Amino acid sequence: MASAALEILGLTLCVFGTLLEMTACGLPTWKVTAFIEANIVVAQTIWDGLWMSCAVQSTGQMQCKMHDSMLALNHDLQAARALTVISSVMCVIALMAVIAGAQCTNCIKTDSVKARVVNVGGVIYIISAIFMLVPLCWMANNIISDFYNPQVPSSQKREIGAALYIGWAATAMLLIGGSVLCCSCPASGNTGYSVKYAPNKRATPNGDYDKRNYV
């Protein structure tokens, strides 16, 4: 029961982490306009994401445009695209492995093999979390470096957007959930109790059983 509870807990964390990761990947709020001028009333706010850029007007109207060329993007955006997509695919593969090896399913008959498959799924979740963590930290480092760089114009400076925080939360859930799944150990078939059988009763030459059998 304890291992089944750990599997449910780990799988729940990983599923929510996967959903948050995919949400962060699709949101255009990886970089947002930095309000560092004396006048905070601006006509529009710029959002930059992995797949599109959006301009939010002061009236509430929003216009978004997909990035025209992948080769024209910065290296951090190109790497973030590739790593986040790979991480999402790995999360789907890990989900299939955990479901196949879960104790509540009958895809695999042997309990020890099922537990090892769940452990493999947990390892894949941890690797996918690392793949997601790399572009998040890389992007945050570039945003902070450009923000404090005096050579970058104020109009081009950006701040950390909500998508990065969502991605960090997803990474934490994937790491914790994957670690919990890795703690699910295969059940040991040896219970520690040995079964002893009594020897067969021996008969005497006259056909009667030896009285020592009843002592």
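Even glycines carry a Cβ here, placed using N, Cα and C.
What TrEMBL says about this protein:
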- 79-102: transmembrane segment (TRANSMEM)
- 122-141: transmembrane segment (TRANSMEM)
- 162-181: transmembrane segment (TRANSMEM)
- Tertiary contacts of the transmembrane segment (79-102) (same chain, 6+ residues out, Cβ under 8 Å): 7, 10-11, 14-15, 17-18, 21-22, 24-25, 30, 50-51, 70, 73, 108, 113-118, 120-122, 124-125, 127-129, 131-132, 134-135, 138-139, 174, 178, 181
- Go through the chain and flag residues at least 6 beyond the ends of the transmembrane segment (122-141) whose CB is under 8 A from any CB in it; none is fine as an answer. 10, 14, 17, 21, 30-31, 76, 79-80, 83-84, 86-88, 90-91, 93-94, 97-98, 160, 164, 167-168, 170-171, 174-175, 177-182, 184
